[in-house]
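Colleague: As listed in Swiss-Prot for this protein:
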ACT_SITE  H9  active site, proton acceptor
BINDING   H9, H75  Ni(2+) binding site
BINDING   H9, H75  Co(2+) binding site
BINDING   E45, L70, A71, H72, G73, V74, H75  substrate binding site
Amino acid sequence: MVAVVLVGHGSRLPYSRQVVEKIAEYVEEMGDFETVEVGFMELCEPTVQEAVKKAAESGVDKIVVVPVFLAHGVHTKRDIPKMLGLEPEWDDDEDDHDHHHHHHRDYTPVDVDAEIVYAEPLGADPRIAEIVIDRIKEALGEE
């Protein structure tokens, strides 16, 4: 049995959270997973670790964690892997991210019985280009 955890960045704006939650609803409807949870890097609850723990409570063997980010960055290469207890692909010595916003993030690795499988971010995909074209048409009033 497989559970899914979608990871959003988190924001003070409620819309950001609602978007990730709506994507989770679609994944739950379209996929065949035991449960689909949502966790956030910062500024929103639940945390990534809380979402993974909740997913594990459903008794699954594997939890697939999917960053709902377009591309890799410090969060997907370093921060999320740390939270999952996985080896980060980003060396802290390479970190020029200090100028960026730093909120009080908990990097304590989550401890669950299930195997954690870490997926790639969304990436360049023709389906995303279709959405971009839809947004262009909407902006031009050509819906």
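Glycine too: its Cβ is placed from the backbone N, Cα and C atoms.
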Colleague: Drop a 10 Å sphere on every Cβ of the binding-site residues A71, V74 and tell me which sphere holds the fewest other Cβ atoms.
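Modeller: Looking at the binding-site residues A71, V74, the Cβ with the fewest others within 10 Å is that of A71.
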Colleague: Which of these binding-site residues has the least crowded Cβ, counting other Cβ atoms within 10 Å: H72, H75?
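Modeller: Least crowded of the binding-site residues H72, H75, by Cβ count within 10 Å, is H72.
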Colleague: Calculate the distance in Å between the alpha carbons (Cα) of L70 (substrate binding site) and H9 (active site, proton acceptor), and round it to a whole number.
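Modeller: Rounded to a whole number, the Cα-Cα distance is 11 Å.
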Colleague: In whole Å, how far does the CA atom of H75 (Ni(2+) binding site) lie from that of E45 (substrate binding site)?
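Modeller: Distance (Cα to Cα, whole Å): 17 Å.
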Colleague: Over all pairs within E45, L70, A71, H72, G73, V74, H75, the annotated substrate binders, what is the largest Cα to Cα distance, rounded to whole Å?
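Modeller: Site span for substrate, by Cα atoms: 23 Å.
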Colleague: Count the other Cβ atoms sitting within 10 Å of the Cβ of G73 (substrate binding site), across every protein chain shown.
Modeller: 16
Colleague: Count the other Cβ atoms sitting within 10 Å of the Cβ of E45 (substrate binding site), across every protein chain shown.
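Modeller: For E45 (substrate binding site), the 10 Å Cβ neighbour count is 11.
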Colleague: Write down the Cα-Cα distance for H9 (active site, proton acceptor) and V74 (substrate binding site), rounded and given in Å.
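Modeller: With distance taken Cα to Cα, H9 (active site, proton acceptor) is 12 Å from V74 (substrate binding site).
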